[in-house]
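Worksheet for the structure shown next.
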Amino acid sequence: MNDVSKASLPKAIFLMGPTASGKTALAIALRKVLPVELISVDSALIYRGMDIGTAKPNADELKAAPHRLLDIRDPSQAYSAADFRRDALAQMAEITAAGRIPLLVGGTMLYFKALLEGLSPLPSADPEVRSRIEQQAAELGWEALHQQLQKIDPVAAARIHPNDPQRLSRALEVFFISGKTLTELTQTSGDALPYQVHQFAIAPASRELLHQRIELRFHQMLASGFEAEVRALFARGDLHTDLPSIRCVGYRQMWSYIEGEISYDEMVYRGVCATRQLAKRQMTWLRGWEGVRWLDSENPDRARKEVLQVVGAIAD
């Protein structure tokens, strides 16, 4: 697409970043001064009843700046990147038709990629192949399968944690079915996003600062009643650790504590470590992201002004 035709497209803003980087606060501040409507891009915030551990915006924040695509699934339900793309495009069209600008905010980079580039023609799931992978995992462990993926598709392996069996088995399954790696196939995208997108990423200047923010927020969640929230989910009886919702960072570790598998202190340690690992994967995505402008989360006022400098002209 040439620059002239691209300039004629409706405008959209991406505000991306690792967990605990201040994305939500910046998005809310921007909504006060720009004609934008917020769309959440977060695979955990979609779930009802999962508020504290996901750092979901509170009632006052949502009143000041409503977020779309929050609380749209029960924790027992699945939600894919394809589901997100469909829902986000519908919301973006509605916002644009009302003469406003969609501001998509979150840290689920796979969703941003699916929205921006379209979805790749990946092979359908094969129960027989998946069963063989799971049998191999039972015999050798998921760490061994992750090492196998590193040899087959090092790019995908860098983004998939060894403790994420769903994504790990899918990456291997795609290769065994098609003979092509997940990375190869995802480079062949579907329909690109029909918007002129201004992309921003917000993060602290150093990894140490991000780690401090992560640890502080995890302890704030605990003080706010995170354990009671997960106990309520546990008491339902229909949820388990094979579900994407319960595998969310923090929830998986608290679940293990409630089941008596680990101590409270171990839960806290693992929860903080898992959140740091998530942030590392998010930063890996973002460092390779084209066309993104970086903002410093330690200076939110300056970050807001930098966005306004770029976006102010398109909002007039």
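Note that Cβ sites are derived from N, Cα and C of the backbone, with glycine treated the same way.
Taken from Swiss-Prot, the feature ATP binding site applies to Gly17, Pro18, Thr19, Ala20, Ser21, Gly22, Lys23, Thr24, supported by sequence analysis. Marked as substrate binding site by Swiss-Prot on the basis of sequence analysis: Thr19, Ala20, Ser21, Gly22, Lys23, Thr24. Under the heading region 'Interaction with substrate tRNA', Swiss-Prot lists 42-45, 166-170, 247-252, citing sequence analysis as support. Sequence annotations record features per position, and here Swiss-Prot assigns site 'Interaction with substrate tRNA' to Thr108, Arg130 based on sequence analysis.
Features per Swiss-Prot, on structure.
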| residue | record | contacts (Cβ under 8 Å, 6+ apart) |
| --- | --- | --- |
| Gly17 | ATP binding site | Lys23, Gly107, Ala201, Ile202, Ala203, Gln282, Leu286, Ser297 |
| Pro18 | ATP binding site | Gly107, Ala203, Leu210, Leu278, Ala279, Lys280, Gln282, Met283, Leu286 |
| Thr19 | ATP binding site | Ala55, Gly107, Ile214, Val249, Thr275, Leu278, Ala279, Gln282 |
| Ala20 | ATP binding site | Ala55, Leu210, Arg213, Ile214, Leu216, Arg217, Thr275, Ala279 |
| Ser21 | ATP binding site | Gly107, Ile202, Ala203, Pro204, Leu210, Arg213, Ser297 |
| Gly22 | ATP binding site | Ile202, Ser297, Pro300, Ala303 |
| Thr24 | ATP binding site | Ala55, Pro57, Glu61, Val105 |
| Thr108 | site 'Interaction with substrate tRNA' | Val41, Asp42, Ser43, Phe84 |
| Arg130 | site 'Interaction with substrate tRNA' | Ser169, Glu173 |
Using the recorded ATP site (Gly17, Pro18, Thr19, Ala20, Ser21, Gly22, Lys23, Thr24) as reference, state which further residues of the same chain have their Cβ within 8 Å of the centre of those residues' Cβ atoms, listed in sequence order.
Gly107, Ile202, Ala203, Arg213, Ser297
Using a Cβ cut-off under 8 Å, which residues of the same chain at least 6 positions beyond either end of the region 'Interaction with substrate tRNA' (247-252) come close to it?
19, 43-44, 47, 50, 53-54, 164, 166, 218, 221, 226, 230, 233, 241, 271, 274-275, 278
Hey, for the substrate site built from Thr19, Ala20, Ser21, Gly22, Lys23, Thr24, who else sits with CB inside 8 A of the CB center?
Gly17, Pro18, Ala25, Ala55, Gly107, Ile202, Arg213, Ser297
Under a three-state reading of DSSP, tell me whether Thr24 (ATP binding site) is helix, strand or coil.
helix
By the DSSP assignment reduced to helix, strand and coil, which category contains Arg130 (site 'Interaction with substrate tRNA')?
helix
